[in-house]
Amino acid sequence: MRFSSILSFGGLAIQSVSGLPGTLEKRVNVDQWIQQELPIARAQLLCNIGPNGCNSAGVASGLVIASPSKSDPDYFFHWTRDAGLVFKAIIDLFVENYDAGLQQNIQNFIVGQAKLQTVNNPSGSFSSGAGLGEAKYLANGAQFTGDWGRPQRDGPALRAIALIKYSKWLIANGYTSTANTVVWPIIRNDLAYVTQYWNQTGFDLWEEVQGSSFFTIASQHRSLVEGAALAQQLGQTCNGCAGIAPQILCFQQRFWNPSQGYVISNINGGSYRNGKDANSILTSIHNFDPVLGCDASTFQPCSDRALSNHKVVTDSFRSIYGINNGKGQGQAVAVGRYPEDSYYGGQPWYLNTFAAAEQLYDAIYVWKRSSSISVTSVSLPFFQALIPGISTGTYASTSSTYTSILSAVKAYADGYVDVAATYIPGSGNIAEQYNRNTGQPLSARDLTWSYASFLTVAQRRREVVGLGWANSAASVVPNTCFATSVQGSYTSATATSFPANQTPATGAPTGTATTATAPAATTTAACVPPVNVDITFNARVVTQFGQTVKIVGNIPQLGNWNTANAISLSASQYTSSNPVWSGTLSLPAGQAIQYKYINVASNGAVTWERDPNRSYSIPSACGTTSATRTDSWQA
């Protein structure tokens with residue numbers, strides 16, 4: 001995480017964390033351990049958020065210290081990246097279960113970021129936008145002027161992603177004006193930074209390599225896709241977002257090493273080790289959206305590329321850490337940053353070990369909902385490590401192989417959680433790293449990102465996913481990449497207070513709000529906007545024997561206007577008095593679609609209904625699970 005060429009620890013290269021009570025003991029029941037750890041992790045994470053956290057004396061409101069450690073190493077700073085990822089996790093918790101205490105922290109964070117954006121710093125000024133790429137700030141919100149690896153261009157994108165998440169909740173619960181006036185001006189600045197600076201090099205998330213980082217590029221792509229959609233929803237303009245996002249995705253494909261089956265996590269700037277890096281696993285989980293299925297271009301967790309990469313990266317630590325000795329293929333291992341790491345002696349990291357598990361839980365989530373698992377030549381080594389003898393193919397949920405894969409991958413994912421749990425003290429405190437030979441916690445204590453990584457892996461394990469980000473264009477890779485950028489315009493956010501009592505649309509729950517220093521209280525679930533909605537299309541059209549009515553439209557689920565991929569409707573309810581063809585499709589909530597019906601003859605001839613294209617916005621209101629469209633053929 002930290003800039004190792006700047007930080008020199010000499011004889012403290014393997015520094016134990018002090019003040020962590022409890023002993024290391026083997027956990028054999030992952031479910032039980034997670035339940036024990038949940039209130040501890042949540043409380044300790046909130047302790048690191050100003051101004052009221054128990055570790056946050058002197059921390060400005062809404063700022064997040066990376067750790068309470070002030071020496072060996074000193075992490076008592078606010079990192080833009082860490083804070084964005086932490087609040088992304090907090091907002092996911094908040095959306096799942098409304099909590100007034102979490103909401104206050106979220107609002108404080110948003111107001112704090114409005115102020116932080118305007119702080120001129122060594123990376124540049126606010127007026128030019130360059131200052132938004134500063135990696136870290138003093139805990140009181142002032143600039144940090146020491147030597148560091150700067151700029152770091154993932155921060156603005158990650159902050160925008162977190163704020164967009166909360167904006168979606170506001171809109172879904174009837175507070176669109178708040179999203180528009182308070183949150184959007186901050187998001188707009190971060191998106192402007194991305195559109196202007198995405199094609200310039202910077203330092204990676206570990207703050208060591210200057211070049212182009214896979215994690216950064218993918219985060220930037222996601223932020224523009226989500227930002228463009230939010231702008232449209234709010235009636236705002238996101239200059240360049242929709243046009244530049246596909247070019248970033250196009251560039252993102254260059255990191256893939258097809259001959260060796262993994263992502264080279266850093267390119268463009270010199271010799272960067274062999275490229276095997278947990279950077280890529282973190283990329284997969286932080287850009288997960290079930291709507292995208294197993295799409296490889298966006299590096300979805302169940303894609304063949306991401307699974308192959310998972311094996312290559314985790315295998316790179318299998319033989320170099322003493323605590324991994326004796327663990328063969330298909331067994332979970334401790335996971336570090338990259339094999340050549342020397343920071344604090346090059347140790348495993350808790351957050352990376354949890355990330356290895358989270359990717360697998362994400363994959364399971366999609367496989368269950370698609371009712372099939374595809375094994376390609378790219379992902380075959382991953383599957384063979386778990387199920388020897390398996391071959392390429394698509395395995396339906398009715399097959400024994402499908403069941404065997406789900407069982408094996410779930411056990412494998414649980415294994416990574418168990419590895420991390422084994423080396424977390426009985427107190428439940430989670431540091432940054434643990435010793436590669438003894439498992440003793442090392443480096444910064446109570447790392448905020450470590451706690452966030454535990455909370456997200458626990459959610460995914462019980463199949464709770466956050467609000468999605470993708471739309472129909474999110475995975476479309478242009479045939480040619482262009483290094484397009486747009487000059488940004490930056491304006492300070494002036495509306496920096498929130499209206500009172502912004503509770504869920506269904507009313508405030510009765511649970512007691514969690515404070516910044518207490519374990520989580522039991523709350524009542526908030527009204528959560530849907531990810532997908534089942535839409536039944538009824539088309540009234542008179543047909544002859546041998547003809548089939550299909551629906552085709554502008555999104556992948558409707559064939560992207562390709563009649564060969566059109567969706568067939570059923571004539572099971574067709575009568576002479578009610579000539580209706582019907583079909584039900586699961587479509588992304590909130591997506592604006594265009595579509596038409598076609599009549600396909602037995603010889604394959606296609607007849608289109610006349611113009612105009614039909615338009616429809618998929619419902620996205622809380623609690624919506626299905627809707628019906630009834631149309632008559634446009635003759």
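Each residue, glycine too, has its Cβ placed from N, Cα and C.
All TrEMBL annotations are machine predictions without curation.
Database features, via TrEMBL:
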type	residues	note
ACT_SITE	Asp204	active site, proton acceptor
BINDING	Trp148	substrate binding site
DOMAIN	527-635	domain 'CBM20'
SIGNAL	1-19	signal peptide
Euclidean distance between Cα atoms of the residue listed as 'substrate binding site' and Asp204 (active site, proton acceptor), Å: 12
Cβ atoms near the residue listed as 'active site, proton acceptor' (within 10 Å, other residues, all chains): 24
The domain 'CBM20' (527-635) - residue tally per DSSP class, helix then strand then coil: 6 helix, 50 strand, 53 coil
Number of other Cβ atoms within 10 Å of the Cβ of Trp148 (substrate binding site) across all protein chains: 20
Mapped DSSP class for Trp148 (substrate binding site), helix or strand or coil: coil
Confidence summary (mean pLDDT) of the domain 'CBM20' (527-635): 89
